[in-house]
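Enquirer: Taken from Swiss-Prot, the feature S-adenosyl-L-methionine binding site covers Ala35, Gly36, His37, Asp55, Phe84, Asp105, Gln112, and the record attributes it to sequence analysis.
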Amino acid sequence: MTKEFHHVTVLLHETIDMLDVKPDGIYVDATLGGAGHSEYLLSKLSEKGHLYAFDQDQNAIDNAQKRLAPYIEKGMVTFIKDNFRHLQARLREAGVQEIDGICYDLGVSSPQLDQRERGFSYKKDAPLDMRMNQDASLTAYEVVNHYDYHDLVRIFFKYGEDKFSKQIARKIEQAREVKPIETTTELAEIIKLVKPAKELKKKGHPAKQIFQAIRIEVNDELGAADESIQQAMDMLALDGRISVITFHSLEDRLTKQLFKEASTVEVPKGLPFIPDDLKPKMELVSRKPILPSAEELEANNRSHSAKLRVARKIHK
C-alpha cells in the first residue's frame, strides 16, 4: 500500500526561480521526493516543455503520480526510478542529449525520516535499515554489525565528523559481541554511553552525526552526488542552470568544490589568450549560498541547515 508523503519543500521558489525556467525547455528534478520542486517547475512550463523526475524510492514516485496528475495527463512528465548517479545514461536512453536546467534537494526526505520502519531516525525505534532504495542490499544493520573497528572509525570520522568516533566504534564492537545491534534505539543508547555529560547537554541529539555517517555510507550519498552533479553540468545546454540544496557541511563542501572547479581555470603564464578547451564551462550565479528566509525558518524547522548553490553553463 502506498504511504502518503507529507513533505514541506525547502527553498521552493528560490531553487526553481534561480533556474530561469524556459517555458519550452527540458528540465530534470534529480530528487523527486515529495514533488514540491517538480510541481512548481511544471507550473512554469508550457505543454511543449518536459520534466524528467528521478527517485529511487517507489513510494515517492507513487505519490508524485497523484500530485502531478494534471501534468502527466498532458504528457509533460517522465518518472525514472533510479539513483541519480545514473542520470546521464538514463536521460540518453530517453533520447535526451541536453537539458535546460536541473535541481537537487540532497539528503533524506522528510517522509523517509518520518516513516519509522525505514530506520533513518534516532528518535523512533525501528530496525536498522536507512536504505533510500529499498531494493539495495546494504543496510545500516550490516554496517553496524559487520564492519570492523577501523571501517567504523573511518566512516564516523569522514561522514559524521564526530570527535568520539574511535570510542563509539569500540563500544559498538563490545556490544555486538554480546548480541547483534538490531534497532535504532539500541544504537542511539550505545552512542549516548560514550558521550560525556557536557556533550549530552549540547543542543541536538548525541547520535545525530553517527546516524548521518551510517546513512551516507549505506547510500553512498556523496559518491552519487559527486558523479551526478558532474554529469548534470556536462549535459546542460548553454545558459542552462543547476540548483543544489544541501543540508550538511559535507554535501555543501562537495557542491562548492565541484562548482569552483567548473567555473575557474588555471591558465599557463605567457598565453596571449585562453584557448577554448581551457575556458571554464560554468559560472556561479550567486557567490554565496542562498539561505532560507526568516519566514521559512519559522515555518519549517528542517530548513535551518539548508543552503542553495546555483551555477550557469557558459561554455560547452
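Using the three backbone atoms N, Cα and C, a Cβ is placed for every residue, glycine included.
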Enquirer: Please report the DSSP secondary structure of Asp105 (S-adenosyl-L-methionine binding site), reduced to three states.
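Expert: The residue in question, Asp105 (S-adenosyl-L-methionine binding site), is strand (DSSP, three-state).
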Enquirer: Under a three-state reading of DSSP, tell me whether Asp55 (S-adenosyl-L-methionine binding site) is helix, strand or coil.
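Expert: The three-state answer is strand.
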Enquirer: What is the total of other Cβ atoms whose distance to the Cβ of Asp55 (S-adenosyl-L-methionine binding site) is within 10 Å?
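Expert: I get 26 for this one.
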Enquirer: Only counting partners 6 or more residues apart, tell me which same-chain residues put their Cβ under 8 Å from the Cβ of His37 (S-adenosyl-L-methionine binding site).
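Expert: Set apart from His37 (S-adenosyl-L-methionine binding site) by at least 6 residues yet with Cβ under 8 Å, we have Thr9, Leu12, Thr15, Ile16, Asp29, Thr31, Cys103, Asp105.
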Enquirer: Please report the three-state DSSP label of Phe84 (S-adenosyl-L-methionine binding site).
Expert: helix
Enquirer: Which one of these binding-site residues, Ala35, Gly36, Phe84, Asp105, has the sparsest Cβ neighbourhood, judged by other Cβ atoms within 10 angstroms?
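Expert: Sparsest of the binding-site residues Ala35, Gly36, Phe84, Asp105 by Cβ contacts within 10 Å: Gly36.
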Enquirer: When DSSP is mapped onto helix/strand/coil, what comes out for Gly36 (S-adenosyl-L-methionine binding site)?
Expert: helix
